[in-house]
């Protein structure tokens, strides 16, 4: 279609701008959390996160701590957006077609495998710590694109597309990991109800219902029953996203930008990037440094996470991408060099949002969760600083 060449870049540019801006706000939220957690406000901060909110009766109970409302409720909206992005990119975007998906797909696979292996090697003598193997396997797209935005035209657009596609596939892998490895004891009745609601979403899609309201109503019920089932509630957001139609609302208007999926994605981008993810960062990044020494970083769990993010990510992303390009399986992104590709691989070590999220699922005691935060913050910070520094000194894109 004649509109396709202009439509794709505009969608991509809007996405990159939104994610980069969200990355800046997330950075501020994380810094504020660390300041508050190490100030006289710390008791109030942690007490607020532990405050229970909701409703409880014999017939119906929905009462969680503020932290759980953020991690199970608000983050379900984040995962809804992630699911919408994955579906759109695979059906109508940068991940449509085998040739486009090979390089970011291979790099994403390496970028999940190598950090997990590094973590497992460091924690091989600690059976309890092995549960955190997936923590360094994630990449924070908002943080990484925020760093790239600071570099402007010094980084070619092709590498920004590569990083975006890689991070989306990385999110898909993280979703699969959460579903398979971090599911609690199952409530079969709630799971059956969730299955029925999922079937209802499929029926709405097959009947070509293009109004969003029915999907969102069923999706809200789906979230409740998934929460009660023992499967992590955020996966309800992904399931809902896969049911939202990509069909055009008006057949006379070309392009998927007129679809219910795009309308919902557009409506969610700014609230998620500028509110939900920063709130999550503020609630989960706060860790007190009181009494901490060098041993707090060199303990197996934080060391495994930090090395997994910094060392494992660059080895996996760059190593697998280099191998794919050298063997002819994939092509180098346009106007990019191997040095720039390595710089982007360093930025993939910024794990933050998804790493903190998986850390909260992997462990349930406060001391271990604090250890995961130290590892995530250290690995992400070193990756961000060195990745930015390298891309800054390299010659700009052609």
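All residue numbers here begin at 1 and follow the chain in the order shown.
Using the three backbone atoms N, Cα and C, a Cβ is placed for every residue, glycine included.
Note on Swiss-Prot: of 238-258, 343-363, the range annotated with the feature transmembrane segment is 343-363.
Looking at 45-65, 66-86, the range annotated in Swiss-Prot as transmembrane segment turns out to be 66-86.
Contact between the transmembrane segment (184-204) and the transmembrane segment (132-152) is absent: fewer than three CB pairs lie under 8 Å, with pairs separated by 6 or more positions in sequence. Long-range contacts of the transmembrane segment (132-152) within the same chain: residues 16-17, 19-24, 26-27, 111-113, 115-116, 118-120, 123, 159-160, 163-164, 166-168, 170-171, 173-174, 177, 181-182, 273, 277, 301, 304-309, 312-313, 344, 347-355, 357-359, 362-363, 372, 375-376, 379-380, 384, 387-388, 391-392, each at least 6 residues beyond the stretch ends and with a Cβ under 8 Å from a Cβ of the stretch.
Same-chain neighbours of the transmembrane segment (305-325): 102-103, 106-119, 122, 132, 135-137, 139, 166, 297, 331-332, 338, 341-342, 344-346, 348-351, 355, 359, 372, 374-376, 378-380, 382-383, counting only residues six or more beyond its ends whose CB sits under 8 Å from a CB of the stretch. Most Cβ pairs under 8 Å with the transmembrane segment (216-236) belong to 66-86, among the candidate stretches 66-86, 161-181, 274-294, 374-394. Here the transmembrane segment (274-294) has Cβ contacts under 8 Å with residues 21-22, 25-26, 28-30, 32-34, 36-38, 42, 45-46, 49, 66-67, 70-71, 74-75, 77-78, 142, 352-353, 356-357, 360, 370, 373-374, 377 of the same chain, all six or more residues outside its ends.
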